[in-house]
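Trainee: Marked as compositional bias 'Basic and acidic residues' by TrEMBL: 19-32. Annotated region 'Disordered' per TrEMBL: 1-32, in sequence order. Annotation source TrEMBL lists transmembrane segment at 80-99, 108-131, 171-191, 197-216, 281-301, 313-336.
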Amino acid sequence: LTVPRITPPSRCRAGRAMPKKDDGTKKPASETVPDQRWKLQVFYVCFYGFMTQIRPGESFITPYLLGADKNFTQAEVTNVIMPVLTYSYMAVLVPIFLLTDYLRYKPVLVLQSLSHISIWLLLVLGTSVLAMQLMEFFYGITMAARIAYSSYIFSLVAPSRYQRMASYSRSAVLLGVFTSSVLGQLCITLGSVSFLTLNYVSLGFVSFGLILTLFLERPQRSLFFNRPEGAGDGAAPAELDKMARGDGGGGIRGWREAALCRMLQEVGALTRQPQLRLWSLWWVFNSAGYYLMLYYVHILWNEIYPAMDNRQVYNGGVDAASTLLGAGASFAAGYVKIRWTL
């Protein structure tokens, strides 16, 4: 008699398990809409990254400052104006990184677009050394705020897609720089467009970039200060589902009381992790050193070959060649198996 009593419950358990299998088969169909939404969002973010780099006058800022339009001396550009960019970038990099995560990306991207507009307004309208120093300060902010774009795309996808998405977003940015440099060089060499006109064109493009920024969705979660509840140290799930549900984060609570304290605690936690500490220091000094070299080499080109005719200035061509190589390398990096600990 005990056998018949045992077998029906087991059958009931098997019967109850069947609907779970049915749910499992239906689950992929229900995820098709979020998956398509994820792809559209990634495409828009990459398009945004491409378009915000279209600034054809950027490669020619140094000859513009040294030329007849602004007529600054080489000593002023080298020793007084250019250094503001690198050191202001180093100064604001960590605060902007923390604000990027706490404010959930989009406000910092808006700040970056406003800073871009300020740069080209000062380039077009400014006449004093102080105005150019302020322009370089805004330049430092825009470069530090690139972390917002780089990390924004991670809020849209699952951790398994991080490497691939990083390659896509970085390639889009570098292809934008390539297109911008080629466009600027063609305008200068073939179209005999003045540097001032090129800066007006750049001002139009960065204004359009601000419009694109306003259409970005603001994630409700981020990596440090707006984590999903119970996430612990594990990777957060894809953000896009929370966007669709309007799941609000709790980051606003306790802004005055706890935000600065939590930021300092987060910095302390990062510095206690050897790999993150090494990577962060490498990022700061490598990027600052790169920008220092990049803009001083423009001055060096003018010293080696002081072209009297703007059509013989090839800054855009050099920038285009270097960024095209970088775009190819970034895209390929998304498909390479990497030993992250190494």
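Each Cβ is built from the backbone N, Cα and C atoms, and glycine gets one as well.
TrEMBL does not curate its annotations; it predicts them automatically.
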Trainee: Taking the transmembrane segment (313-336) as reference, which of 80-99, 171-191, 281-301 has the most Cβ pairs under 8 angstroms?
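Mentor: Stretch with maximum Cβ contacts: 171-191.
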Trainee: Can you say which of 171-191, 197-216, 281-301 has the most Cβ pairs under 8 Å with the transmembrane segment (80-99)?
Mentor: 281-301
Trainee: Can you work out which residues elsewhere in the same chain, 6+ from the ends of the transmembrane segment (108-131), have a Cβ less than 8 Å from its Cβ atoms?
Mentor: 52, 55, 57, 61, 64, 70, 72, 76, 80-81, 96, 99-100, 138-139, 141-142, 145-149, 152, 196, 199-200, 202-203, 206-207, 209-210, 213-214, 216
